[in-house]
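Engineer: One structure, as structure tokens, below. Some questions next.
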Amino acid sequence: MIALLLRDLRLAVRAGGGFGLALAFFTILAVLTPFAVGPETPLLARIAPGVLWLGALLACLLSLDRLLALDAADGTLELLAVAPLPLEGAVAAKAAAHWIVTGLPLALLAPVLGVLLSLPGQGAWVLTLSLGIGTPALSFIGAFGAALTAGVQRGGLLMALIVLPLYVPTLIFGAEAAGRAARGADPATPLMLLGAVSLGCVALMPLAAAAALRVNLR
Amino acid sequence: MSIWEYANPVRFMGWTGRLLPWLWGGAALLVVGGLVWGFFFTPDDFRMGSTVKIIYLHVPSALMAINGWFVMVVASLIWLIRRHHVSALVARAAAPVGAVMTVVGLVTGAVWGQPMWGTWWVWDPRLTSFFVLFLFYLGYIALWQAIEDPDAAADLTSVLALVGGVFAILSRYAVLFWNQGLHQGATLSLDAEENIADVFWLPLVTTMAGFGLLFLALVLTRARMHVRLRRARARMLRTRVA
């Protein structure tokens, strides 16, 4: 499982076009926001947590098609399916690798972009914290979406349609936590609920994703 | 004889063929009767005036929109556990009907909200979670259409129906946390002390029962269509082989 995780990390870093693209996308989105809504500081500070969370969501979504589709195309998935490691474990390792190369850097980059969008003081740290807690849910739900559409040619849009509604609870709690901190309120409750969603997804989504993958490999 | 024998496609076509005229008749009678009763023979509400009459479309369609997903979850479970093809087809047939019910609920709600709240749409928890439910329906239907192999499609959509059901409920309560709303609470529940007044209640229950039958009739009709499509496909494949 660890070997698989390391393999996916190495592939993401060394094979072109994976690692860093999501980060670049996230940054561009933050830069485009003031062009779209105007440069007034109070307005930007008000919408910054939501925009950054939305950016994280989309950056995560855009990198999902690399999660399983490449391995499905070149036959790696078949090998994983007959390996001694249960498919659930393989999916969990791949989702964890996806989180390390997209979710974690996004969370670390978020305070910098928060400063660009004039997110007030404490909000930046809670934003990082909420992204750090919430993005595993995004990766694991995304792994389920990728598993469902692994057999579909050009399934990107279909995956977006399936995955984005599933992101609703994560987005609500994450953006609420960051928003509350930016307004100076206590973000503990949404953070705890976000943690619950995230842990639940990490525990249960590999089962659903592996079930879907088995169907696609049949 | 066990209940599962009714899931045999030939038997299914038999008993649904005999049952459907009655279902359609009952649905038409109850929906039309309930609507006519509600529209023309009930007093106006003292605060909402005659706009209150939208309730006879709004509440039943919203009820069936939610129950539609419930039907899909149960049918998907039966498919996953017992592998009855008719069950997968019923789940498939229920999705568009549920999606349309969701749209009817949203549109009648907007039409009602315009005079009452002064706005077609607000980001109220109930409205928002209904919109999210509609998106779930869309994703489910799109997945059915995207996958060629019927058995794989049935399996994958079943898993999606189960996961989506959990997330739909989760979204429902997450949305409550996010915003407080304009929508009134339930006026009709089994455990409440005070419910809606009887003059409105009786036609409302009539249309609710009517929409239930209508939903059932639509789903069974669509399921029969899917069974026939399967048969036509099988016959086409056979003639091509021969």
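Cβ atoms here come from the backbone N, Cα and C positions, even for glycine.
According to TrEMBL, the domain 'Cytochrome c assembly protein' annotation covers B:4-183. The transmembrane segment feature in TrEMBL is assigned to B:21-42, B:54-81, B:93-115, B:127-147, B:159-179, B:199-221.
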Engineer: May I ask which of the stretches B:21-42, B:54-81, B:93-115, B:159-179 has the most CB pairs under 8 A with the transmembrane segment (B:127-147)?
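Structural biologist: Top-ranked stretch among B:21-42, B:54-81, B:93-115, B:159-179: B:93-115.
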Engineer: I'm a bit unsure how to read this: which one of B:21-42, B:93-115, B:159-179 has the highest number of Cβ pairs shorter than 8 Å with the transmembrane segment (B:54-81)?
Structural biologist: B:93-115
Engineer: Could you pull the average pLDDT for the domain 'Cytochrome c assembly protein' (B:4-183)?
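Structural biologist: So the average pLDDT across the domain 'Cytochrome c assembly protein' (B:4-183) works out to 87.
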Engineer: Same chain, outside the transmembrane segment (B:159-179) by at least 6, Cβ under 8 Å from its Cβ: which residues?
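Structural biologist: Distal contacts: 69-70, 72-73, 76-77, 80, 91, 123-125, 128-129, 132-133, 136, 139-140, 143.
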